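K.L.:
Here it is, the structure, as C-alpha coordinates.
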Amino acid sequence: MTTFACQDGDMERIQGFLGAVSNATGLSIFLCDKLDNIDGRLGYTKLAVDNTYLLFSAYLVFAMQLGFAMLCAGSVRAKNTMNIMLTNVLDAACGGISYYVFGFAFAFGLGGKTNGFIGHFNWGLNGFPNGTFDYSFFLFQWAFAIAAAGITSGSIAERTQFVAYLVYSSFLTGFVYPIVSHWLWSADGWLSASKTVGPGGLLFGSGAIDFAGSGVVHMVGGVAGFWGALIEGPRIGRFDKSGNSTNFRGHSATLVVLGTFLLWFGWYGFNPGSFLTILQPYEGVKGHWSGVGRTAVTTTLAGCTAAVTTLFGKRFLDGHWNVLDVCNGLLGGFAAITASCSVVAPWASILCGFGSAWVLIGLNKLAARLHFDDPLEAAQLHGGCGAWGLLFVGLFAEKNYVNQVYQTTFDSPYGLFMGGGGKLLAAQIIEIISIAAWVTVTMGPLFYGLHKFRLLRITPQDEIAGMDVTRHGGTAYIHHDNSEHHLQMHTINGQKRTDNDQMPI
(Lines of atoms letter the chains of each structure in order from A and count residues from 1; the text may use other names and numbers.)
(Lines give C-alpha, C1' and ligand atoms only; values in the text may rest on other atoms or scores of the structure.)
Protein backbone atom coordinates (compact mmCIF):
# COMPACT_ATOMS: atom_id res chain seq x y z
CA MET A 1 0.00 0.00 0.00
CA THR A 2 1.27 3.49 -0.89
CA THR A 3 1.67 5.89 2.07
CA PHE A 4 2.56 9.55 2.32
CA ALA A 5 4.47 9.38 5.65
CA CYS A 6 7.92 10.98 5.96
CA GLN A 7 10.85 8.56 5.97
CA ASP A 8 13.87 8.75 8.35
CA GLY A 9 16.04 10.24 5.62
CA ASP A 10 13.47 12.95 4.99
CA MET A 11 13.46 13.97 8.65
CA GLU A 12 17.27 14.13 8.76
CA ARG A 13 17.30 16.46 5.75
CA ILE A 14 14.66 18.72 7.34
CA GLN A 15 16.71 18.93 10.56
CA GLY A 16 19.76 19.85 8.49
CA PHE A 17 17.90 22.67 6.81
CA LEU A 18 16.63 23.97 10.14
CA GLY A 19 20.19 24.13 11.51
CA ALA A 20 20.99 27.10 9.29
CA VAL A 21 18.66 29.96 8.48
CA SER A 22 20.43 30.39 5.15
CA ASN A 23 19.00 27.06 4.06
CA ALA A 24 15.39 28.28 4.29
CA THR A 25 15.17 28.40 0.50
CA GLY A 26 16.44 24.84 0.25
CA LEU A 27 13.87 23.72 2.82
CA SER A 28 11.07 25.38 0.85
CA ILE A 29 12.16 23.69 -2.37
CA PHE A 30 12.40 20.33 -0.64
CA LEU A 31 8.93 20.62 0.91
CA CYS A 32 7.38 21.80 -2.37
CA ASP A 33 8.87 18.81 -4.17
CA LYS A 34 7.34 16.53 -1.57
CA LEU A 35 3.95 18.19 -1.87
CA ASP A 36 4.07 17.90 -5.67
CA ASN A 37 4.79 14.20 -5.30
CA ILE A 38 1.87 13.76 -2.91
CA ASP A 39 -0.42 15.73 -5.22
CA GLY A 40 0.51 13.49 -8.13
CA ARG A 41 -0.26 10.38 -6.11
CA LEU A 42 -3.59 11.84 -5.02
CA GLY A 43 -4.40 12.44 -8.68
CA TYR A 44 -3.93 8.75 -9.40
CA THR A 45 -6.07 7.93 -6.37
CA LYS A 46 -8.86 10.15 -7.73
CA LEU A 47 -8.74 8.35 -11.08
CA ALA A 48 -8.89 4.98 -9.34
CA VAL A 49 -11.87 5.97 -7.18
CA ASP A 50 -13.75 7.48 -10.13
CA ASN A 51 -13.09 4.41 -12.28
CA THR A 52 -14.28 2.11 -9.51
CA TYR A 53 -17.42 4.20 -9.06
CA LEU A 54 -18.17 4.04 -12.79
CA LEU A 55 -17.57 0.28 -12.94
CA PHE A 56 -19.89 -0.30 -9.99
CA SER A 57 -22.54 1.84 -11.67
CA ALA A 58 -22.11 -0.16 -14.89
CA TYR A 59 -22.68 -3.39 -12.96
CA LEU A 60 -25.92 -1.97 -11.53
CA VAL A 61 -27.14 -0.87 -14.96
CA PHE A 62 -26.31 -4.26 -16.43
CA ALA A 63 -28.27 -5.92 -13.62
CA MET A 64 -31.31 -4.12 -15.02
CA GLN A 65 -31.23 -6.66 -17.86
CA LEU A 66 -32.36 -9.27 -15.35
CA GLY A 67 -35.14 -6.92 -14.32
CA PHE A 68 -36.19 -6.45 -17.95
CA ALA A 69 -36.15 -10.22 -18.45
CA MET A 70 -38.36 -10.89 -15.42
CA LEU A 71 -40.72 -8.05 -16.32
CA CYS A 72 -41.07 -9.30 -19.88
CA ALA A 73 -41.53 -12.92 -18.82
CA GLY A 74 -44.30 -12.05 -16.40
CA SER A 75 -46.03 -9.75 -18.89
CA VAL A 76 -46.45 -12.34 -21.67
CA ARG A 77 -48.50 -15.51 -21.67
CA ALA A 78 -46.81 -18.69 -20.47
CA LYS A 79 -46.65 -20.15 -23.98
CA ASN A 80 -44.20 -17.43 -25.08
CA THR A 81 -41.96 -17.24 -22.02
CA MET A 82 -38.90 -18.98 -23.48
CA ASN A 83 -39.08 -16.79 -26.56
CA ILE A 84 -39.07 -13.49 -24.67
CA MET A 85 -36.32 -14.68 -22.33
CA LEU A 86 -34.12 -15.65 -25.26
CA THR A 87 -34.61 -12.27 -26.90
CA ASN A 88 -33.52 -10.53 -23.70
CA VAL A 89 -30.33 -12.58 -23.56
CA LEU A 90 -29.56 -11.85 -27.20
CA ASP A 91 -30.28 -8.13 -26.81
CA ALA A 92 -27.27 -8.06 -24.50
CA ALA A 93 -25.12 -10.48 -26.51
CA CYS A 94 -25.72 -9.05 -29.99
CA GLY A 95 -25.61 -5.55 -28.57
CA GLY A 96 -22.23 -6.22 -27.00
CA ILE A 97 -20.68 -7.16 -30.32
CA SER A 98 -22.26 -4.40 -32.41
CA TYR A 99 -21.54 -1.71 -29.82
CA TYR A 100 -17.92 -2.84 -29.56
CA VAL A 101 -17.27 -2.95 -33.31
CA PHE A 102 -18.82 0.36 -34.32
CA GLY A 103 -21.49 1.56 -31.87
CA PHE A 104 -19.10 3.21 -29.43
CA ALA A 105 -17.20 4.86 -32.28
CA PHE A 106 -20.43 6.35 -33.64
CA ALA A 107 -21.37 7.57 -30.16
CA PHE A 108 -18.15 8.98 -28.72
CA GLY A 109 -15.33 8.61 -31.25
CA LEU A 110 -13.53 11.92 -31.68
CA GLY A 111 -10.86 11.96 -34.38
CA GLY A 112 -8.90 14.90 -35.71
CA LYS A 113 -12.05 16.47 -37.14
CA THR A 114 -15.17 17.04 -35.07
CA ASN A 115 -18.64 16.08 -36.23
CA GLY A 116 -21.73 17.09 -34.30
CA PHE A 117 -23.88 14.39 -35.90
CA ILE A 118 -21.83 11.19 -35.66
CA GLY A 119 -18.59 9.94 -34.13
CA HIS A 120 -15.87 8.43 -36.28
CA PHE A 121 -12.98 7.13 -34.16
CA ASN A 122 -12.09 4.32 -31.71
CA TRP A 123 -13.46 1.55 -33.98
CA GLY A 124 -13.35 -1.70 -32.05
CA LEU A 125 -11.96 0.29 -29.09
CA ASN A 126 -8.84 1.07 -31.08
CA GLY A 127 -6.66 3.44 -29.07
CA PHE A 128 -8.09 2.41 -25.69
CA PRO A 129 -7.46 3.48 -23.00
CA ASN A 130 -6.56 7.08 -23.70
CA GLY A 131 -6.62 10.45 -22.02
CA THR A 132 -10.37 10.76 -22.57
CA PHE A 133 -11.85 7.27 -22.11
CA ASP A 134 -11.08 4.13 -20.18
CA TYR A 135 -12.63 0.66 -20.46
CA SER A 136 -15.04 1.38 -17.61
CA PHE A 137 -16.66 4.12 -19.70
CA PHE A 138 -17.25 1.71 -22.58
CA LEU A 139 -18.86 -0.85 -20.28
CA PHE A 140 -21.15 1.76 -18.76
CA GLN A 141 -22.28 3.05 -22.16
CA TRP A 142 -22.82 -0.48 -23.52
CA ALA A 143 -25.15 -1.23 -20.60
CA PHE A 144 -27.20 1.83 -21.61
CA ALA A 145 -27.29 0.80 -25.27
CA ILE A 146 -28.70 -2.67 -24.59
CA ALA A 147 -31.31 -1.15 -22.28
CA ALA A 148 -32.77 0.70 -25.27
CA ALA A 149 -32.94 -2.53 -27.27
CA GLY A 150 -34.63 -4.31 -24.36
CA ILE A 151 -37.37 -1.69 -24.30
CA THR A 152 -38.19 -2.32 -27.96
CA SER A 153 -38.38 -6.09 -27.55
CA GLY A 154 -41.28 -5.72 -25.11
CA SER A 155 -43.39 -3.78 -27.61
CA ILE A 156 -43.29 -6.52 -30.24
CA ALA A 157 -43.49 -9.53 -27.94
CA GLU A 158 -45.55 -12.68 -28.63
CA ARG A 159 -45.78 -12.35 -32.42
CA THR A 160 -42.32 -11.57 -33.83
CA GLN A 161 -39.98 -13.88 -35.72
CA PHE A 162 -36.68 -14.57 -34.02
CA VAL A 163 -34.62 -13.38 -37.00
CA ALA A 164 -36.31 -9.98 -36.75
CA TYR A 165 -35.09 -9.64 -33.17
CA LEU A 166 -31.51 -10.31 -34.26
CA VAL A 167 -31.68 -7.75 -37.06
CA TYR A 168 -33.35 -4.89 -35.20
CA SER A 169 -31.34 -5.40 -31.99
CA SER A 170 -27.97 -5.19 -33.75
CA PHE A 171 -29.09 -2.22 -35.86
CA LEU A 172 -30.54 -0.29 -32.94
CA THR A 173 -27.58 -0.87 -30.63
CA GLY A 174 -24.90 -0.44 -33.26
CA PHE A 175 -26.24 2.54 -35.20
CA VAL A 176 -29.56 4.17 -34.24
CA TYR A 177 -28.95 4.58 -30.51
CA PRO A 178 -25.25 5.63 -30.79
CA ILE A 179 -26.11 8.53 -33.09
CA VAL A 180 -28.56 9.96 -30.57
CA SER A 181 -26.13 9.48 -27.68
CA HIS A 182 -23.51 11.34 -29.75
CA TRP A 183 -25.88 14.29 -30.17
CA LEU A 184 -26.56 14.60 -26.44
CA TRP A 185 -23.57 13.17 -24.57
CA SER A 186 -20.41 13.62 -26.64
CA ALA A 187 -18.04 16.57 -26.40
CA ASP A 188 -19.02 17.82 -29.87
CA GLY A 189 -22.68 16.73 -30.17
CA TRP A 190 -24.90 19.39 -31.69
CA LEU A 191 -27.49 19.03 -28.90
CA SER A 192 -25.04 18.35 -26.07
CA ALA A 193 -25.15 20.41 -22.88
CA SER A 194 -21.51 19.34 -22.34
CA LYS A 195 -20.22 20.50 -25.71
CA THR A 196 -16.62 21.70 -25.48
CA VAL A 197 -15.23 21.23 -29.00
CA GLY A 198 -16.41 21.81 -32.54
CA PRO A 199 -17.90 24.81 -34.33
CA GLY A 200 -20.61 26.87 -32.68
CA GLY A 201 -21.60 27.01 -29.06
CA LEU A 202 -24.31 25.36 -27.02
CA LEU A 203 -27.77 25.25 -28.59
CA PHE A 204 -29.64 28.32 -27.23
CA GLY A 205 -26.79 28.79 -24.79
CA SER A 206 -27.64 25.67 -22.82
CA GLY A 207 -27.85 22.62 -25.05
CA ALA A 208 -30.50 20.03 -24.32
CA ILE A 209 -30.20 18.50 -20.85
CA ASP A 210 -30.83 14.76 -20.85
CA PHE A 211 -28.70 13.74 -17.92
CA ALA A 212 -29.23 9.96 -17.88
CA GLY A 213 -31.36 9.34 -20.95
CA SER A 214 -35.10 10.00 -20.83
CA GLY A 215 -34.67 10.75 -24.52
CA VAL A 216 -31.43 9.00 -25.45
CA VAL A 217 -32.45 5.65 -23.96
CA HIS A 218 -36.17 5.62 -23.20
CA MET A 219 -37.54 7.63 -26.11
CA VAL A 220 -35.29 5.81 -28.57
CA GLY A 221 -36.46 2.40 -27.32
CA GLY A 222 -40.08 3.52 -27.00
CA VAL A 223 -40.37 5.10 -30.46
CA ALA A 224 -38.67 2.09 -32.05
CA GLY A 225 -41.11 -0.19 -30.24
CA PHE A 226 -44.02 1.96 -31.39
CA TRP A 227 -43.14 1.45 -35.06
CA GLY A 228 -42.54 -2.25 -34.60
CA ALA A 229 -45.88 -2.79 -32.87
CA LEU A 230 -47.75 -0.55 -35.32
CA ILE A 231 -46.40 -2.28 -38.42
CA GLU A 232 -46.97 -5.77 -37.00
CA GLY A 233 -50.46 -5.03 -35.79
CA PRO A 234 -52.13 -6.39 -32.64
CA ARG A 235 -51.88 -9.97 -31.45
CA ILE A 236 -54.61 -12.36 -32.61
CA GLY A 237 -57.59 -12.00 -30.29
CA ARG A 238 -56.33 -8.85 -28.59
CA PHE A 239 -59.44 -7.01 -29.82
CA ASP A 240 -62.77 -8.68 -30.56
CA LYS A 241 -64.88 -8.22 -33.70
CA SER A 242 -66.58 -5.21 -32.17
CA GLY A 243 -63.22 -3.59 -31.53
CA ASN A 244 -63.38 -4.01 -27.77
CA SER A 245 -60.20 -4.78 -25.85
CA THR A 246 -59.86 -8.29 -24.42
CA ASN A 247 -57.89 -9.27 -21.34
CA PHE A 248 -54.42 -10.37 -22.46
CA ARG A 249 -52.69 -9.96 -19.12
CA GLY A 250 -49.36 -11.67 -18.59
CA HIS A 251 -49.16 -14.99 -16.83
CA SER A 252 -47.17 -14.04 -13.70
CA ALA A 253 -47.66 -10.96 -11.55
CA THR A 254 -44.91 -12.37 -9.32
CA LEU A 255 -42.31 -12.08 -12.08
CA VAL A 256 -43.51 -8.58 -12.95
CA VAL A 257 -43.04 -7.41 -9.36
CA LEU A 258 -39.65 -9.11 -9.13
CA GLY A 259 -38.55 -7.45 -12.36
CA THR A 260 -39.80 -4.08 -11.16
CA PHE A 261 -37.75 -4.22 -7.97
CA LEU A 262 -34.65 -5.32 -9.88
CA LEU A 263 -35.08 -2.39 -12.26
CA TRP A 264 -35.60 -0.05 -9.31
CA PHE A 265 -32.33 -1.27 -7.80
CA GLY A 266 -30.48 -0.88 -11.10
CA TRP A 267 -31.77 2.66 -11.56
CA TYR A 268 -29.46 3.73 -8.72
CA GLY A 269 -26.62 3.00 -11.11
CA PHE A 270 -28.44 4.34 -14.14
CA ASN A 271 -29.11 7.85 -12.83
CA PRO A 272 -26.47 8.60 -10.14
CA GLY A 273 -23.86 6.74 -12.18
CA SER A 274 -24.32 9.16 -15.07
CA PHE A 275 -22.15 11.66 -13.20
CA LEU A 276 -19.34 9.34 -14.41
CA THR A 277 -17.10 10.61 -11.59
CA ILE A 278 -17.65 11.21 -7.90
CA LEU A 279 -14.55 13.11 -6.70
CA GLN A 280 -15.36 16.35 -8.49
CA PRO A 281 -15.59 19.32 -6.08
CA TYR A 282 -17.96 22.28 -6.31
CA GLU A 283 -17.66 25.50 -4.34
CA GLY A 284 -17.49 25.05 -0.59
CA VAL A 285 -17.72 21.53 0.77
CA LYS A 286 -20.03 20.18 -1.92
CA GLY A 287 -19.13 18.13 -4.96
CA HIS A 288 -20.34 15.38 -7.27
CA TRP A 289 -20.77 13.23 -4.16
CA SER A 290 -23.59 15.50 -2.97
CA GLY A 291 -25.05 15.60 -6.49
CA VAL A 292 -25.01 11.80 -6.60
CA GLY A 293 -26.96 11.64 -3.35
CA ARG A 294 -29.50 14.22 -4.51
CA THR A 295 -29.96 12.34 -7.79
CA ALA A 296 -30.70 9.11 -5.93
CA VAL A 297 -33.31 10.95 -3.85
CA THR A 298 -35.06 12.59 -6.82
CA THR A 299 -35.11 9.25 -8.64
CA THR A 300 -36.71 7.57 -5.63
CA LEU A 301 -39.35 10.25 -5.07
CA ALA A 302 -40.42 10.39 -8.71
CA GLY A 303 -40.90 6.63 -8.91
CA CYS A 304 -42.73 6.42 -5.58
CA THR A 305 -45.07 9.28 -6.46
CA ALA A 306 -45.84 7.79 -9.86
CA ALA A 307 -46.64 4.41 -8.29
CA VAL A 308 -49.05 5.86 -5.72
CA THR A 309 -50.68 8.15 -8.28
CA THR A 310 -51.21 5.23 -10.66
CA LEU A 311 -52.66 3.12 -7.85
CA PHE A 312 -55.40 5.62 -7.02
CA GLY A 313 -55.85 6.82 -10.59
CA LYS A 314 -56.55 3.32 -11.91
CA ARG A 315 -58.74 2.57 -8.89
CA PHE A 316 -60.83 5.62 -9.71
CA LEU A 317 -61.03 4.85 -13.45
CA ASP A 318 -61.29 1.05 -13.46
CA GLY A 319 -62.39 0.12 -9.95
CA HIS A 320 -59.41 -2.12 -9.13
CA TRP A 321 -56.23 -2.03 -7.06
CA ASN A 322 -53.93 -3.49 -9.72
CA VAL A 323 -50.31 -4.33 -8.91
CA LEU A 324 -49.35 -4.62 -12.60
CA ASP A 325 -50.49 -1.07 -13.32
CA VAL A 326 -48.66 0.18 -10.23
CA CYS A 327 -45.43 -1.46 -11.39
CA ASN A 328 -45.68 0.19 -14.80
CA GLY A 329 -46.54 3.51 -13.19
CA LEU A 330 -43.45 3.26 -11.00
CA LEU A 331 -41.23 2.56 -14.00
CA GLY A 332 -42.83 5.44 -15.90
CA GLY A 333 -41.84 7.77 -13.08
CA PHE A 334 -38.26 6.53 -13.28
CA ALA A 335 -38.17 6.96 -17.05
CA ALA A 336 -39.43 10.54 -16.72
CA ILE A 337 -37.06 11.70 -13.97
CA THR A 338 -34.02 10.24 -15.74
CA ALA A 339 -33.47 13.43 -17.76
CA SER A 340 -33.74 15.89 -14.87
CA CYS A 341 -32.66 13.82 -11.87
CA SER A 342 -29.45 15.82 -11.29
CA VAL A 343 -30.79 19.33 -11.90
CA VAL A 344 -34.14 19.47 -10.08
CA ALA A 345 -34.92 19.72 -6.39
CA PRO A 346 -36.49 16.75 -4.55
CA TRP A 347 -39.84 18.53 -4.26
CA ALA A 348 -39.95 18.99 -8.05
CA SER A 349 -39.31 15.29 -8.65
CA ILE A 350 -42.63 14.58 -6.92
CA LEU A 351 -44.37 16.70 -9.57
CA CYS A 352 -42.48 14.83 -12.28
CA GLY A 353 -43.67 11.47 -10.98
CA PHE A 354 -47.25 12.71 -10.61
CA GLY A 355 -47.31 13.96 -14.20
CA SER A 356 -45.74 10.80 -15.61
CA ALA A 357 -48.46 8.64 -14.05
CA TRP A 358 -51.20 10.55 -15.85
CA VAL A 359 -49.21 10.58 -19.09
CA LEU A 360 -49.02 6.78 -18.94
CA ILE A 361 -52.68 6.33 -17.99
CA GLY A 362 -53.79 8.66 -20.78
CA LEU A 363 -51.60 7.05 -23.44
CA ASN A 364 -52.80 3.58 -22.46
CA LYS A 365 -56.41 4.69 -22.87
CA LEU A 366 -55.57 6.18 -26.27
CA ALA A 367 -53.69 3.03 -27.34
CA ALA A 368 -56.69 0.83 -26.51
CA ARG A 369 -59.03 3.11 -28.43
CA LEU A 370 -56.73 3.04 -31.49
CA HIS A 371 -56.25 -0.75 -31.26
CA PHE A 372 -52.53 -0.35 -30.65
CA ASP A 373 -51.13 -3.48 -28.99
CA ASP A 374 -47.97 -3.23 -26.89
CA PRO A 375 -47.78 -6.15 -24.41
CA LEU A 376 -45.51 -4.26 -22.00
CA GLU A 377 -46.88 -0.77 -22.65
CA ALA A 378 -43.27 0.06 -23.55
CA ALA A 379 -44.00 2.65 -26.22
CA GLN A 380 -46.35 4.52 -23.89
CA LEU A 381 -44.19 4.09 -20.79
CA HIS A 382 -40.73 4.78 -22.18
CA GLY A 383 -41.64 6.90 -25.18
CA GLY A 384 -44.42 8.97 -23.61
CA CYS A 385 -43.00 9.33 -20.11
CA GLY A 386 -39.53 9.90 -21.55
CA ALA A 387 -40.84 12.83 -23.61
CA TRP A 388 -42.62 14.23 -20.54
CA GLY A 389 -39.35 13.98 -18.61
CA LEU A 390 -37.52 16.03 -21.25
CA LEU A 391 -40.15 18.76 -21.08
CA PHE A 392 -39.94 18.72 -17.29
CA VAL A 393 -36.24 19.69 -17.43
CA GLY A 394 -37.10 22.83 -19.35
CA LEU A 395 -39.66 23.78 -16.71
CA PHE A 396 -38.04 22.97 -13.37
CA ALA A 397 -34.24 22.79 -13.77
CA GLU A 398 -32.53 24.74 -10.96
CA LYS A 399 -29.91 27.36 -11.83
CA ASN A 400 -27.34 26.26 -9.24
CA TYR A 401 -27.68 22.58 -10.07
CA VAL A 402 -27.25 23.19 -13.80
CA ASN A 403 -24.10 25.24 -13.21
CA GLN A 404 -22.67 22.65 -10.82
CA VAL A 405 -23.42 19.52 -12.82
CA TYR A 406 -22.34 20.91 -16.17
CA GLN A 407 -19.44 22.95 -14.75
CA THR A 408 -20.45 26.10 -16.62
CA THR A 409 -18.46 29.30 -16.17
CA PHE A 410 -21.49 31.42 -17.03
CA ASP A 411 -25.15 31.53 -16.06
CA SER A 412 -26.67 28.92 -18.35
CA PRO A 413 -30.42 29.00 -19.14
CA TYR A 414 -32.47 26.95 -16.71
CA GLY A 415 -36.09 26.04 -16.01
CA LEU A 416 -38.89 28.30 -17.21
CA PHE A 417 -40.88 28.02 -13.96
CA MET A 418 -37.71 28.70 -11.95
CA GLY A 419 -37.15 32.05 -13.67
CA GLY A 420 -34.67 30.88 -16.29
CA GLY A 421 -36.59 31.82 -19.42
CA GLY A 422 -37.69 29.58 -22.28
CA LYS A 423 -34.38 28.81 -24.01
CA LEU A 424 -33.78 25.52 -22.20
CA LEU A 425 -37.39 24.44 -22.83
CA ALA A 426 -36.91 25.19 -26.54
CA ALA A 427 -33.79 23.02 -26.60
CA GLN A 428 -35.72 20.20 -24.90
CA ILE A 429 -38.52 20.40 -27.49
CA ILE A 430 -35.98 20.21 -30.31
CA GLU A 431 -34.49 17.11 -28.70
CA ILE A 432 -37.91 15.42 -28.57
CA ILE A 433 -38.63 16.21 -32.21
CA SER A 434 -35.14 15.18 -33.35
CA ILE A 435 -35.19 11.82 -31.56
CA ALA A 436 -38.70 10.98 -32.78
CA ALA A 437 -37.75 11.89 -36.35
CA TRP A 438 -34.43 10.02 -36.32
CA VAL A 439 -35.84 6.80 -34.91
CA THR A 440 -38.81 7.02 -37.28
CA VAL A 441 -36.69 7.35 -40.44
CA THR A 442 -34.36 4.52 -39.37
CA MET A 443 -36.41 1.93 -37.48
CA GLY A 444 -39.67 2.51 -39.36
CA PRO A 445 -38.25 1.46 -42.76
CA LEU A 446 -36.38 -1.43 -41.12
CA PHE A 447 -39.54 -2.90 -39.59
CA TYR A 448 -41.49 -2.25 -42.78
CA GLY A 449 -38.82 -3.99 -44.87
CA LEU A 450 -38.86 -7.01 -42.56
CA HIS A 451 -42.65 -7.03 -42.84
CA LYS A 452 -42.64 -6.93 -46.65
CA PHE A 453 -40.12 -9.79 -46.82
CA ARG A 454 -42.24 -11.77 -44.34
CA LEU A 455 -39.47 -11.80 -41.77
CA LEU A 456 -41.29 -9.85 -39.07
CA ARG A 457 -44.42 -11.65 -37.89
CA ILE A 458 -44.88 -15.36 -37.21
CA THR A 459 -47.70 -17.38 -38.77
CA PRO A 460 -51.17 -17.34 -37.16
CA GLN A 461 -50.79 -21.04 -36.35
CA ASP A 462 -47.54 -20.44 -34.46
CA GLU A 463 -49.00 -17.45 -32.66
CA ILE A 464 -52.02 -19.40 -31.43
CA ALA A 465 -49.97 -22.42 -30.36
CA GLY A 466 -47.26 -20.31 -28.75
CA MET A 467 -43.68 -19.82 -29.87
CA ASP A 468 -42.14 -21.86 -27.09
CA VAL A 469 -43.49 -25.06 -28.61
CA THR A 470 -43.34 -24.15 -32.30
CA ARG A 471 -40.04 -22.26 -32.39
CA HIS A 472 -38.01 -23.14 -29.30
CA GLY A 473 -38.49 -26.85 -28.78
CA GLY A 474 -40.53 -26.91 -25.59
CA THR A 475 -42.18 -24.91 -22.86
CA ALA A 476 -40.75 -22.85 -20.04
CA TYR A 477 -42.77 -24.75 -17.44
CA ILE A 478 -43.38 -28.45 -16.83
CA HIS A 479 -47.10 -29.19 -16.91
CA HIS A 480 -48.33 -32.20 -14.89
CA ASP A 481 -51.22 -33.77 -16.77
CA ASN A 482 -53.84 -36.19 -15.41
CA SER A 483 -52.02 -39.33 -16.57
CA GLU A 484 -49.04 -38.47 -14.40
CA HIS A 485 -51.35 -37.75 -11.48
CA HIS A 486 -53.10 -41.14 -11.88
CA LEU A 487 -49.73 -42.90 -12.07
CA GLN A 488 -48.61 -41.29 -8.84
CA MET A 489 -51.86 -42.17 -7.05
CA HIS A 490 -51.68 -45.77 -8.29
CA THR A 491 -48.16 -46.06 -6.99
CA ILE A 492 -49.10 -44.65 -3.60
CA ASN A 493 -52.26 -46.80 -3.22
CA GLY A 494 -50.97 -50.01 -4.78
CA GLN A 495 -47.54 -50.33 -3.26
CA LYS A 496 -46.20 -50.27 0.24
CA ARG A 497 -44.15 -47.16 0.74
CA THR A 498 -40.91 -47.51 2.60
CA ASP A 499 -38.41 -45.03 3.94
CA ASN A 500 -36.27 -45.70 0.87
CA ASP A 501 -39.15 -45.35 -1.60
CA GLN A 502 -40.95 -42.09 -0.93
CA MET A 503 -43.11 -40.42 -3.54
CA PRO A 504 -43.04 -36.63 -3.65
CA ILE A 505 -46.41 -35.12 -2.92
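In case you wondered, yes, glycine gets a Cβ from its N, Cα and C as well.
Keep in mind that this is a model prediction, so the values were computed, not measured.
Per TrEMBL, transmembrane segment is recorded for 53-76, 88-112, 132-151, 163-185, 211-231, 252-270, 425-448. Here TrEMBL flags 53-477 as domain 'Ammonium transporter AmtB-like'.
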K.L.:
Under 8 Å for C-beta pairs, could you tell me which stretch among 53-76, 88-112, 132-151 has the largest tally with the transmembrane segment (252-270)?
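P.N.:
Highest pair count goes to 53-76.
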K.L.:
For the transmembrane segment (88-112) against the transmembrane segment (211-231), do we get 3 or more Cβ-Cβ pairs below 8 Å once near-sequence pairs (under 6 apart) are dropped?
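P.N.:
Since fewer than 3 Cβ pairs under 8 Å link them, the transmembrane segment (88-112) and the transmembrane segment (211-231) do not come into contact.
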K.L.:
Express the predicted model's confidence over the domain 'Ammonium transporter AmtB-like' (53-477) as a mean pLDDT, rounded to an integer.
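P.N.:
Its mean pLDDT is 94.
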